[in-house]
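S.K.: Supplied in structure tokens, the structure appears directly below.
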Amino acid sequence: MKILKYIILALIVLNIPEVIVRNLGSAMGTISSYAVFLLLIIYYLFLRERGALNKPMLLIAVSYYLISSFQSQWPLKEFAFLAIKFFIIVITGYELVKNTSVREFSYFFAIGSLTVILHPILFANDYGRYSGFYFNPNSAGFIAIISFALTFYYQKGLIKTSKTLVSSVGGLMTFSRTFVVLWVLLNLLSVKISIKNVKIFIYGIAVVIFIFSTKEVLQLNTKRINEFEALINNDKTAAKGLTQDSRADTWSLYYDKIYDKPFFGNGYHFFQGGHIASAGVGVHNSFLMVMGEAGIIAFLIFTFYFIYLLIYSYRYFDKAPHLFMMTIGLVAVLMADHGFFYHHVFPITAMWIQYQIKALKDNFKTEEVTLTTQLT
């Protein structure tokens, strides 16, 4: 079962189906995509012990897919197929994450970050922003920031140092604004753990200097680098590409549609771009997408779920700082990406954090009972 678990995690976290599509064609890619769900079902069925279903995530799934179906213009068969796939992820994936340790989860995200660094070896680099197995710098940035957050599980040692270096270098080479902001924020939070963590930030600056000085050799996106350099030098004109909030402009295209139908939304896929959308591009915000497609009830359920993760992961910050850092990274990325229901790594990460919080709560209750028993 452990080998099967690792295969499933590799398929999801390392984005293997898309790698296969890009290199071996759509037929093989489709097979590998279906393999994710088939293997999850096999894993679930052959487990000796299965716990309770993930009710919060199931509630999110039911509210979103049910309400968004009322006015959906999406073909019914395809809509049902996509909904079923998400329910499989929620039901079987929750058992998978229950049996995945911090170290195991961390290794897969670190490998994902490593593929970004190895991008010029693995793929033809005609874009200048490395993305590894993810073929999108922002998606790669998410993997790298989660990998970076997970390094704070480790106290010290070579493993912590190597994973910190890999996730930082990999993330910075995506030139994702979201990654850079989150990387700085998590470094500031790490000082709360130990003042010695300041050295991570210093190492990061050294990496940035190295990247800037070797941009031609690495064939990086010089336009993006020049914008970052201009921002550091307080040249607002040259850094215009970074300081302009293009996401906010994209969100504004959909505000009227949200106001028009706040209760039941505009129907499935309306905020995701394409021929049935109100704008040529997707909304790039999972929270707005849920609100715009399924209305206020689904939005509140979805939002409260992540508020819960934020509150309780912060409550256990002293014991497990990586959970709060991961939650910040996940929520921030979901505010710039509308792919929560079809990028499987998002719900898998959310459910893993959720279960880790549950385990901490259960341990805390056990400790309280033990202490009470000893006192009496």
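Every residue gets a Cβ built from N, Cα and C, even glycine.
Keep in mind the model is a prediction, meaning the values are calculated, not measured.
Below, the features straight out of TrEMBL:
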- 7-25: transmembrane segment (TRANSMEM)
- 31-47: transmembrane segment (TRANSMEM)
- 79-97: transmembrane segment (TRANSMEM)
- 104-122: transmembrane segment (TRANSMEM)
- 134-153: transmembrane segment (TRANSMEM)
- 165-188: transmembrane segment (TRANSMEM)
- 165-302: domain 'O-antigen ligase-related' (DOMAIN)
- 200-218: transmembrane segment (TRANSMEM)
- 296-317: transmembrane segment (TRANSMEM)
- 323-342: transmembrane segment (TRANSMEM)
S.K.: With a Cβ cut-off under 8 Å, give me the same-chain residues at least six positions beyond the ends of the transmembrane segment (296-317) that come close to it.
M.R.: 56-57, 59-60, 63-64, 67-68, 192, 262-263, 265, 286-287, 290, 323-324, 326-328, 330-331, 334, 350, 353-354, 357, 360-361
S.K.: Taking a Cβ cut-off under 8 Å, which residues six or more beyond the ends of the transmembrane segment (79-97) line up next to it in the same chain?
M.R.: 5, 8-9, 37, 40-41, 43-44, 47, 50-51, 53-54, 57-58, 61, 65, 69, 72, 105, 268, 341-342, 344, 347-348, 351-352, 355
S.K.: Where else in the chain does the transmembrane segment (7-25) make close Cβ contacts, counting only residues six or more beyond its ends and a cut-off under 8 Å?
M.R.: 32-33, 35-36, 39-40, 43, 96, 100, 104-105, 108-109, 111-112, 115, 133-135, 139, 143, 344-345, 348
S.K.: How does the model score the domain 'O-antigen ligase-related' (165-302) in terms of mean pLDDT?
M.R.: 81
